[in-house]
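Colleague: According to Swiss-Prot, the protein carries these features:
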- 77, 88, 90, 96: Ni(2+) binding site (BINDING)
């Protein structure tokens with residue numbers, strides 16, 4: 001196994017340690033390995049999607065971070081043909097949640113998602129989607 005060193009904000013490390021305690025982990029290293037595996041699986045899942053998709057992108061950001069709201073708006077304008085609706089929620093004094101309803105080519109939706117992920121001030125981004133071709137059975 002390789003040994004690495006990393007810097008984390010104290011609050012993030014405290015929250016991570018709390019999750020590890022709640023889940024009964026005996027080792028922080030094991031928790032980090034599991035978290036990294038989950039991150040890789042989510043990345044692979046996102047890259048394996050193809051075709052037309054419909055879904056939501058949930059974005060949590062610190063609106064006190066200079067320029068983040070403008071950057072998010074600019075990106076959304078660049079991908080407006082894939083965005084059906086946006087809902088904005090004030091979570092706390094500092095944090096906002098945007099839920100973006102998307103539909104279209106998954107490559108463009110993935111591109112949109114990844115551009116928002118890279119922004120400074122954005123703390124969490126999650127894409128959830130399904131194929132537009134999926135048949136939904138209704139009971140009558």
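Quick reminder: no glycine exception, Cβ is built from N, Cα and C everywhere.
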Colleague: Over all shown protein chains, what is the count of other CB atoms within 10 A of the CB belonging to residue 88 (Ni(2+) binding site)?
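Modeller: 12, counting other Cβ atoms within 10 Å of residue 88 (Ni(2+) binding site).
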Colleague: Go through 77, 96, the listed binding-site residues, and name the one with the sparsest Cβ surroundings, counting other Cβ atoms within 10 Å.
Modeller: 77
